[in-house]
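What follows is one structure encoded as C-alpha cells, with my remarks underneath.
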Amino acid sequence: MEIIKISPRGYCYGVIDAMVIAKNASLDPNLPRPIHILGMIVHNKHVTDAFESIGIYTVDGANREEILDKITTGTVIFTAHGVSPSVKAKAAAKGLTTIDATCPDVLHTYNLILEKQAAGYEIIYIGKKGHPEPEGAYGTAPDVVHLVETKADIDALSLLSDNIFVTNQTTMSKWDVADLMDYIKEKFPKAIQHQEICMATQVRQEAVAVQAKGADLTIVVGDPRSNNTARLAQVSIEKAGTKAYRIADITELDIEWIKDAKKVAVTAGASTPTQLVREVLLFLEQFDAADKTTWKRAHNKDFERILPKMKNKYMAEKRRQRLAHLKNGGS
C-alpha cells in the first residue's frame, strides 16, 4: 500500500496559540480556581480531555451565554473560535477572571464587522449555523449581521440598503464561500466582498485538492465537531474526486475501507493532535490485508504528548503582531 502523507496537515498557529494560552493558565498560581474553558478550546475531544487532566475544565452547551450560566466562580478561557461582546460583558458582570484565546484571524474578522457597522453597512456573514465562530460574529453586531449558510438563506434576505459588506467564517471551504459570494453578487451587485478564509485553512484544503487525486480514499483525522476537518473531507470528494472518511482516531478506522486499497491519502484537521495522525500512519505502514495480526487498532492515551510542552512568554506580542499583519492586508 502506498501512503500519501498530505502536507501541510494538522495543528495551525491559532490552535497552538490557544493551547499554549490554556496551558500557561494551568501553570499560573495567581489565577482564581477553578479554571473553565467556555466551550471546547479547539474542536477535538482528545485535547479537551488532556486539559482536564491538568485541571482545565471544558464546559459546553448550545451557545456561549448558556454555557456561561453554568460558571459561577474562578477563571474562564474564551476559545479560539471567539465570543461576542455581550458574553465578555456577562463574564465581567459575574466577577470572573477572563482569558481570551481567540484566534487573531477570527479577531480580524470581528474587527472588520465593527468597522463596517460604524460605516453604515449591512453585513452578510457566510458561516455554519450553530458553530461558535459565527455565533461570535453575529453577536459582534447583531443589528446588522445576517448569517447565511445556503443559497436559500441568501434568497430569504431582504436588505434595502446598497451598503452591503460580505465576509465569512474563517474555516469554511474556500470554494463554497466563493460560490456563495458569486450568488450574493447576483442579488446584491453593489455588495463589497472580503473573503476571510484563514491561510492555514486554505493551504490545507488546497493540499488535499491536489495531493489526494488518484488515491483510492482519503482518511481525514479529526473530531466530528471540527468544521475545518469536515471541509477537508468535502474537498477530497468534490475537488480531488477521492472518497473520504473522517475518523476521530485510529480506533474508528474500518478495515473494509482499506483492505483492497493500493493508495491511501492521509490528512488531519487543524485541531488534530500530531500523536493521533502518527498512530494512523504507523498503522497503515504495517498493515497487511492478508495478515489479520496487523489489523489491531489501538489508541495510546498520552495526554502529555497532546498538550504543548513549553510556556511561550512572547505569546501576547506575537498575537498582536499577527493581528497587525492581517489589518495591513497580510494573509
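A Cβ is built for glycine as well, from the same backbone N, Cα and C atoms used for every other residue.
Counting every protein chain shown, the Cβ of Glu133 (active site, proton donor) has 27 other Cβ atoms within 10 Å. Here Swiss-Prot flags Glu133 as active site, proton donor.
Marked as [4Fe-4S] cluster binding site by Swiss-Prot: Cys12, Cys103, Cys198. Cys103 ([4Fe-4S] cluster binding site) carries neither a helix nor a strand DSSP state and counts as coil. Other Cβ atoms within 10 Å of the Cβ of Cys103 ([4Fe-4S] cluster binding site) number 28 in total over all chains.
Secondary structure from DSSP puts His81 (isopentenyl diphosphate binding site) in coil. Here Swiss-Prot flags His43, His81, His131, Ser226, Asn228, Ser271 as isopentenyl diphosphate binding site.
For His43, His81, His131, Thr170, Ser226, Asn228, Ser271, the entry in Swiss-Prot reads (2E)-4-hydroxy-3-methylbut-2-enyl diphosphate binding site, with the evidence type sequence analysis. Annotation for Thr170 ((2E)-4-hydroxy-3-methylbut-2-enyl diphosphate binding site): same-chain Cβ neighbours under 8 Å, separated by at least 6 residues, are Cys103, Asp105, Val106, Thr109, Glu133, Glu196, Ile197, Cys198, Thr201.
Marked as dimethylallyl diphosphate binding site by Swiss-Prot on the basis of sequence analysis: His43, His81, His131, Ser226, Asn228, Ser271. According to its DSSP assignment, Asn228 (isopentenyl diphosphate binding site) is helical. Around Asn228 (isopentenyl diphosphate binding site), the same-chain residues at least 6 positions away in sequence with a Cβ under 8 Å from its Cβ are Thr171, Thr201, Arg204, Gly222, Gly269, Ala270, Ser271.
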> Within 8 Å of the Cβ centre of His43, His81, His131, Ser226, Asn228, Ser271, which other residues of the chain have their Cβ, at the recorded dimethylallyl diphosphate site?
Replying inline: Met40, Val42, Glu133, Thr171, Asp223, Arg225, Asn227, Thr229, Gly269, Ala270
>> Checking the spread of the isopentenyl diphosphate site as listed (His43, His81, His131, Ser226, Asn228, Ser271): what is the longest Cα-Cα distance, in whole Å?
In response: 15
> So which one is it: of the binding-site residues His43, His81, His131, which has the fewest other Cβ atoms within 10 Å?
Replying inline: His131
> Inside 8 A of the center formed by the CB atoms of Cys12, Cys103, Cys198, which other residues of the chain have their CB, for the recorded [4Fe-4S] cluster site?
Replying inline: Tyr13, Gly14, Val15, Ala80, Pro104, Asp105, Val106, Thr170, Thr171, Met199, Ala200, Thr201, Ala270
> Fewest neighbouring Cβ atoms within 10 Å: which of the binding-site residues Ser226, Ser271?
Replying inline: Ser226
> Long-range same-chain neighbours of Cys12 ([4Fe-4S] cluster binding site), Cβ under 8 Å, sequence gap at least 6?
Replying inline: Cys198, Ala200, Thr201, Arg204, Ala270
